[in-house]
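**Student:** Just dropping this structure here.
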């Protein structure tokens, strides 16, 4: 990899899989898959429960429940990933990330419902609301993951990572 | 009962996302998160087909729960997508971060539309 990351050990962009780490290529899959399955069931149950508690007002209504599910899940992954990958001294248990990150938060948030919500709003003749929903979700989700990571770094006294790190 | 159906879908969907991600990441050496892109686009296609099938009256409520909030909900992810975008941005790959957002959103919306149209043709 000729990545411009520059600070020694190349960190993967993909938080779940870094096949450049030899240990992850030969990882024992059984416990990892089980942790992901259990976490995924919990996350999906919470998302499904939220959709029952706060159902959409109608086919043309703004899908606030999906919106907040995704925004909250993104804020939490920002917190989680800083804690387990930048926290430092003692590495977390190897099943924390599969369970909480890949499983719970991956199962809680959803990209497919987001896309179908957009298409449903279009079908209902709400083109402006569809575009607002698509754009607002992206902005809020990215803002949430950034804020979650920034607040956690601040609280844990870790260096901020906002600046450009790319070297020519 | 409905809740159990969603859980069954999610128990399959979440590990399937991880395994697909691994399989895709093993086949390229760029920093672009193709694995997450692929699972999200794939889940959108399946959910689009399901939506079209429901509109055509060809999918039961149980199947909808199994494949919708269960399988596709757990197969796709917004949290990993946004975290990977943040990582690309913080490491200086700003163009790739923007490209990831644009490509993921456009592919997701396109896959839903395609799947839904195909299902409406098939089950009409």
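Note that Cβ sites are derived from N, Cα and C of the backbone, with glycine treated the same way.
What TrEMBL says about a protein is an automatic prediction, not a curated fact.
Fair warning: this is a prediction, and the values are worked out from it, not measured in the lab.
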**Student:** With TrEMBL as the source, which of B:7-31, B:32-56 is set down as transmembrane segment?
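**Tutor:** In TrEMBL, residues B:32-56 carry the label transmembrane segment.
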**Student:** Please list residues from the chain of residue B:76 (Na(+) binding site) whose Cβ is under 8 angstroms from its Cβ, counting only those at least six apart in sequence.
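**Tutor:** Those within reach of residue B:76 (Na(+) binding site), by Cβ under 8 Å and sequence separation of 6 or more, are B:17, B:39, B:40, B:43, B:44, B:47.
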**Student:** Should residue B:73 (Na(+) binding site) be counted as helix, strand, or coil on the basis of DSSP?
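**Tutor:** Note: residue B:73 (Na(+) binding site) is helical by DSSP.
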**Student:** Count the Cβ atoms, other than its own, that fall within 10 Å of the Cβ of residue B:73 (Na(+) binding site), considering every protein chain shown.
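**Tutor:** Around residue B:73 (Na(+) binding site), other Cβ atoms within 10 Å: 33.
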